[in-house]
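To start, the structure itself, in structure tokens.
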Amino acid sequence: MARFPTSPAPNLLLRLFSSNKRSSSPTAALLTGDFQLIRHFSAGTAARAAKDEKEPWWKESMDKLRNIGISAHIDSGKTTLTERVLFYTGRIHEIHEVRGRDGVGAKMDSMELEREKGITIQSAATYCTWKDYKVNIIDTPGHVDFTIEVERALRVLDGAILVLCSVGGVQSQSITVDRQMRRYEVPRVAFINKLDRMGADPWKVLNQARAKLRHHSAAVQVPIGLEENFQGLIDLIHVKAYFYHGSSGENVVAGDIPADMEGLVADKRRELIETVSEVDDILAEKFLNDEPVSASELEEAIRRATIAQKFVPVFMGSAFKNKGVQPLLDGVISYLPSPNEVNNYALDQTNNEERVTLTGSPDGPLVALAFKLEEGRFGQLTYLRVYEGVIKKGDFIINVNTGKRIKVPRLVRMHSNDMEDIQEAHAGQIVAVFGVECASGDTFTDGSVKYTMTSMSVPEPVMSLAVQPVSKDSGGQFSKALNRFQKEDPTFRVGLDPESGQTIISGMGELHLDIYVERIRREYKVDATVGKPRVNFRETITQRAEFDYLHKKQSGGAGQYGRVTGYVEPLPPGSTEKFEFENMIVGQAIPSGFIPAIEKGFKEAANSGSLIGHPVENLRIVLTDGAAHAVDSSELAFKMAAIYAFRLCYTAARPVILEPVMLVELKVPTEFQGTVAGDINKRKGIIVGNDQEGDDSVITANVPLNNMFGYSTSLRSMTQGKGEFTMEYKEHSAVSNEVQAQLVNAYNASKAAE
């Protein structure tokens, strides 16, 4: 056999490749001795070339990146879990508790108010490294008043951990958070926390998740003991028992499965395989043929099903007792997607907002979304999720929403309220920039494309307060605070009451507004007086009414002339629009240039209904005819005609008042059930569900917000401090005739008093 040099000369290579083209059969190549050389030479080079072609430079770093959020009902242990995650990944070196009993408080609750109240108010971002994988984490609030923080986080995340309490189970906010995850198509794993607590029952919680959240889920772990006997966990995939030793559970020790649990483990593993095989064809084939399923095959099937959002793997543990957090981190790496496994879309503004699939590669044009703003120590801090391309310090970027060209002065990675300066960030990463003026939801590009990311769903505020600074000198700081909070939080609105001249702040509930008033006092040193909370009522119409109005004014010189004819009618139930205007005039009875002024007039009139002065919604206005004057018609004349036409026909359309109705979930000891239910009825609430959970009754009711002020105090006194409740906005619905009469009389009396 001829011996070949390890590095053939270039001319020999040419001969070899050309001879290979001529002789397509392997036999011919072998005869000339070329085939072996080609194989020898190309084994390394061609394979490397193919690998480079398939896998660009950024592929590996993207595969090893996870963007996750931790969301749950209030008090399920999200922040405690994040604290443990940071400890085990080496980001912090000692563990502090949430309520800050040691005077420090959890790392992710950086705001003084959060540490005092023991709740999360703002979502906080951090990053850590686990087994060579980089993980960006956002810890979100559980309280319904801060629901926008959860919306913002889920908008930009690729995966999430849904934390459920093993005692409380699936609670009202768990359902809300899960709905938000579905809206943004976020794959998730569930973590049943607090297995060390009295009354812990993970199997009950798993069944609730299947029933209430419609999760296709199964446990991937079985706990060894519960409550004070909770010792460790059995991994159903690798069929191993794990125990947690050391002062903070940092030493994970594998051991044998207790003999009395082998039957349960076999059953639960079979249940897991069966549940996954229902949504994964590859595993289904093995399961139906009764073939053994290896750990790696099961892991791959769970990953495929989780990323496709067809399955939710359920982990267990106790974050407070430092058990089960490390396997959860492994689960995040194993089952949640990397940024390039998620489909993200942008809207092309140059092509009629057509949906464009983003490649998610750092090689493409820059596309980044500002999803959260904060007033930092050095000016506005803007959190960005980079969807495509690379952003570098010193680069010029374009705000697509405003068209402004901005330089990136400083780029940082966040660790709660600490920052680390970085030079660049590529697609898939979550970073923050300083000194960039923008609004929440703005999209940034490098100028080569004009894409915007879809906006997020912002709920309407349901409650208002009148606020004013105690001292007149602090007016500047006061308005500065309100402007900042409005920019940071889309659910926080500020307006002026045109009648009283008071500043009105609106938000998602009592706690939401209390927190902002407190923040004005602490962060801006402005004491503010607060008026009685005011509910955001709405008005609407219930039947069709015609209008035909002529606005005519002659006062020397050019007069005013405008006539509008048409009708108003309620929009069909379930309509997404709140106000519709339609021009159905045939011909040129009114010149088309005046139509926008007429629409503007109707919109303005609908801002304040004649019943109690609140906005009118769910109505459609149709313009069918009208008249114009060659000299006296103007935009102002037609706008005034529309306003008066609306006021005249409004009463004929049988208007009603709509009030915000809240979905209230109460958890009270059974002995107080009767008293609490009676009180709900007194508040004109409708009880829609009543479940038993151990010694507690869980009551679900729809109650008008106007009747819920000061409810926490009454509930405490009715239940000897043992009852708890959560409430969230459900819908606006019509009030009874009696309540409507009361509200109208009160409104008329207050107007007369002025």
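A Cβ is built for glycine as well, from the same backbone N, Cα and C atoms used for every other residue.
Note that the structure is a prediction, hence the values are computed from the model and not measured.
Look at TrEMBL and you will find 63-340 tagged as domain 'Tr-type G'.
According to TrEMBL, the GTP binding site annotation covers 72-79, 139-143, 193-196. All chains included, 19 other C-beta atoms sit within 10 angstroms of the C-beta of Asp75 (GTP binding site).
A C-beta separation below 8 Å, combined with a sequence spacing of at least six in one chain, links Leu195 (GTP binding site) to Ser166, Pro202, Pro223, Leu226, Glu227, Phe230, Met316, Gly317, Ser318, Lys323, Gly324.
Taken together, the residues of the domain 'Tr-type G' (63-340) have an average pLDDT of 84.
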